[in-house]
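Trainee: Quick one: structure below, then a few questions.
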Amino acid sequence: MKVAVVGATGLVGTKMLQVLAERNFPVTELIPVASSKSIGKEITFKGRQFKVVSVEDAIKQKPDVALFSAGGSTSLEQAPLFAEAGITVIDNSSAWRMDPTKKLVVPEVNADVLTADDKIIANPNCSTIQMVVALKPLHDHYKIKRVVVSTYQSVTGTGVKAVDQLFNERKGIDGPKVYPYTIDLNVIPQIDVFTENGYTKEEMKMILETKKIMGDDSIKVTATTVRIPVMGGHSESVNIEFLHDFDLSEVRTLLSNSPGIVVVDDTANLKYPMPLDAHDKDEVFVGRLRRDETQDNTLNCWIVSDNLRKGAATNAVQIAEYLAAKNLIGQGIEA
Ligand SMILES: NC(=O)c1ccc[n+]([C@@H]2O[C@H](COP(=O)([O-])OP(=O)(O)OC[C@H]3O[C@@H](n4cnc5c(N)ncnc54)[C@H](OP(=O)(O)O)[C@@H]3O)[C@@H](O)[C@H]2O)c1
């Protein structure tokens, strides 16, 4: 399969190349794409060198599938051009996620909504992906009424420049800043811009995307999203109220038996999920499972995952794998 990676020089794009190689996705030809400043740069993939090209050149080469991670405005402009040429786009930005004509997919939850007619498929927000992977088996058994989530998000979620800011600050170098404040030794309770209701866009993404992916508008979600000076993954404290009561050991079994989840919940031995342990892994790690003793049918838990992998690259590649396995690439109406 001819595969274009748009944003191949970025944090997510680099991880996509790594995940495509590791999972042995059947890439016959790689087309790396980035901004004009990177054209001609060499990218190594499975020991072979590929030159970065422009989006226009990439479309001319007619890839079967294009994995986009080059920001929302690039996606809004370029993804339709790929789709019109019959190329299946899997997009990591927020550009298409809430478009009612586009599918928003986490394979463990709702891959079955995909058809050959879907030419632009949206990859959800990283914090939302790891949360819905854990919510899905619980919703199927106990029906979720309300979720209260607070996030502790890695600087890798903001891209290369944010990682540079953290390490510059740590070394005492006065470099460019992508956050409005110092991030090293600090906690910033703002991710993305504020909206009129006082929530940030990141918080609204978690609220709205969860309902869309789970296919259930009745699930109430409220979120506080926070940036912390950590690499390796996002962590989430999640309080879940169900319609029906649950048994804690059954919750552990349900989660352990669900695809993509690893339960790390052995407090006697101080075992719980942490970003250092989740780094460069594909799974969603769940622990600190306990009843909320202040309210009936309510569970507290702690969810950690590598935002660049399951939160972005791995989820996108899993969507491509599903499409390939079901023969849904290159078959659609626009093809
Ligand atoms: N980081 C995460 O955890 C995460 C998770 C989910 C989704 N995302 C989304 O993924 C996207 C990329 O994030 P990132 O963290 O990888 O950012 P990043 O490290 O800043 O990389 C951005 C990439 O986009 C390329 N690019 C920029 N403008 C372009 C243009 N006009 N045409 C073609 N390529 C262009 C850049 O190329 P140059 O190197 O040439 O500038 C670079 O390859 C964003 O939309 C982000 O919201 C990120």
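Backbone N, Cα and C atoms are what each Cβ position is placed from, and that goes for glycine too.
Residues or ranges marked as active site, acyl-thioester intermediate by TrEMBL: C126. Among the features that TrEMBL reports, active site, proton acceptor is placed at H234. What TrEMBL lists as NADP(+) binding site is T9, G10, L11, V12, K37, S38, N307. Here TrEMBL flags R97 as phosphate binding site. Per TrEMBL, the feature substrate binding site maps to Q153, R227. Per TrEMBL, the feature domain 'Semialdehyde dehydrogenase NAD-binding' maps to 2-117.
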Trainee: Can you give the largest Cα to Cα distance in Å, as a whole number, for the residues T9, G10, L11, V12, K37, S38, N307 that bind NADP(+) in the record?
Mentor: 26
Trainee: Within the chain of R97 (phosphate binding site), which residues six or more apart in sequence place their C-beta under 8 angstroms from its C-beta?
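Mentor: Expected: L104, A122, P124, N125, K205, E209, K212.
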Trainee: Mean pLDDT across the domain 'Semialdehyde dehydrogenase NAD-binding' (2-117), rounded to an integer, is what?
Mentor: 97
Trainee: Return only the integer: C-alpha distance in Å from the residue listed as 'active site, acyl-thioester intermediate' to T9 (NADP(+) binding site).
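Mentor: About 19 Å separate the Cα atoms of these two residues.
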Trainee: Would you mind listing, in sequence order, the residues at least six apart from K37 (NADP(+) binding site) in the same chain with a Cβ closer than 8 Å to its Cβ?
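Mentor: In sequence order there is nothing to list, since no residue at least 6 apart has its Cβ under 8 Å from K37 (NADP(+) binding site).
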Trainee: Using Cβ-Cβ distances, find the residues under 8 Å from S38 (NADP(+) binding site) that belong to the same chain and are at least 6 apart in sequence, listing them in sequence order.
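Mentor: S38 (NADP(+) binding site) has long-range Cβ partners T9, V52.
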Trainee: List which of the recorded positions Q153, R227, H234 have their Cα within 10 Å of the Cα of L11 (NADP(+) binding site), in sequence order.
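Mentor: Among Q153, R227, H234, not one has a Cα sitting within 10 Å of that of L11 (NADP(+) binding site).
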Trainee: Between the residue listed as 'active site, proton acceptor' and R227 (substrate binding site), how many Å separate their Cα atoms?
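Mentor: The residue listed as 'active site, proton acceptor' to R227 (substrate binding site), Cα-Cα distance: 9 Å.
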Trainee: Can you give me the same-chain residues 6 or more apart in sequence from V12 (NADP(+) binding site) with a CB-CB distance under 8 Å?
Mentor: S69, N92, G159, L308, A312, A313
Trainee: Could you measure between Q153 (substrate binding site) and N307 (NADP(+) binding site) for me? Cα positions, answer in whole angstrom.
Mentor: 9
Trainee: Which recorded positions, if any, among R97, Q153, R227, H234 have a Cβ under 6 Å from ligand 1, given in order along the chain?
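Mentor: Checked recorded positions vs ligand 1; nothing flagged, none.
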Trainee: I'd like the Cβ neighbour count for T9 (NADP(+) binding site), meaning other Cβ atoms within 10 Å of its Cβ, all protein chains included.
Mentor: 19
Trainee: Quick one: of R227, H234, which of the recorded positions has the smallest count of other CB atoms within 10 A?
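Mentor: Comparing Cβ neighbour counts within 10 Å for the recorded positions R227, H234 gives R227.
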Trainee: For the domain 'Semialdehyde dehydrogenase NAD-binding' (2-117), what does DSSP give as the number of helix, strand and coil residues?
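Mentor: Its residues divide into 41 helix, 29 strand, 46 coil.
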Trainee: Look at the recorded positions G10, L11, C126, Q153 and tell me which residue has the greatest number of other C-beta atoms within 10 angstroms of its C-beta.
Mentor: C126
